[in-house]
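These features come from TrEMBL:
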type	residues	note
BINDING	24, 26, 28, 40	Ca(2+) 1 binding site
BINDING	118	substrate binding site
BINDING	148	heme b binding site
BINDING	149, 200, 203, 208	Ca(2+) 2 binding site
DISULFID	76-276	disulfide bond
DISULFID	155-187	disulfide bond
DOMAIN	24-280	domain 'Plant heme peroxidase family profile'
SIGNAL	1-25	signal peptide
């Protein structure tokens, strides 16, 4: 069970790695760092990625390549996309068709992560700008943000909301008071930076629309989560999906299909890795 949870956590983060304008859905996050290159996976923003997730994708690639007729025909990028779909379905979310044929990327650097992932403090304009740069709408962005129904976060990613939000308010006033107290208990000042908590306080191992119900109650962990409800431009979508899981699931499938087409590598821009953790 623990192995499944770690894989689920890893793949909830993997949704973000298609947002890189320069790399896209190319399994660049799978590459291990070397003495001469610090890879994406070792950027500080990616330290929450569970090692079991990497191991599972690597093992899946090895199993495929163990079949002579399949060897060197399936990319790590496609395996990652399929695994993401399967774990979402296994955790209670929707299943969907995955478009295949991606090649693996030829570059992976920690420096490439800077400014490419949604930041926990982003407001709606910043979120929309980042996603729009990759052909994704506000509706797509809200649907994909619900990946935070799974996984965990280290305390330092949201500590400003519970200790030093502003001069007027030490605690973010949009944060549910009881939830804020719980967060302070789990993440006291000067807590070990390795401590992490569930991003969804109610159903952390289930992919569901409870994420949106949490936002209605002021239980969004990040500012970038809660703003989807506090901003009147996005609140109607949150309210609609909080009460209609089927509508949310369909919107998520649509958004994932669009996300899966971002930055796809073809021709000389990629290849099929023999080992997902290393370039050929």
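Any Cβ shown, glycine's included, is placed from N, Cα and C.
Since the structure is predicted, the reported quantities are computational estimates derived from the model, not experimental observations.
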Which of 26, 40, 208, all binding-site residues, has a Cβ with the fewest other Cβ atoms inside 10 Å
208
Have a look at the binding-site residues 26, 28, 40, 118, 148 and say which one has the shortest Cα distance to residue 203 (Ca(2+) 2 binding site).
148
For residue 155 (disulfide bond), just count the other CB atoms lying within 10 A of its CB, please.
20
Candidates 76, 118, 148, 149, 276 (recorded positions) - the one closest to residue 26 (Ca(2+) 1 binding site) by CA:
76
Binding-site residues 28, 40, 149: which have a Cα within 10 Å of residue 276 (disulfide bond)?
28
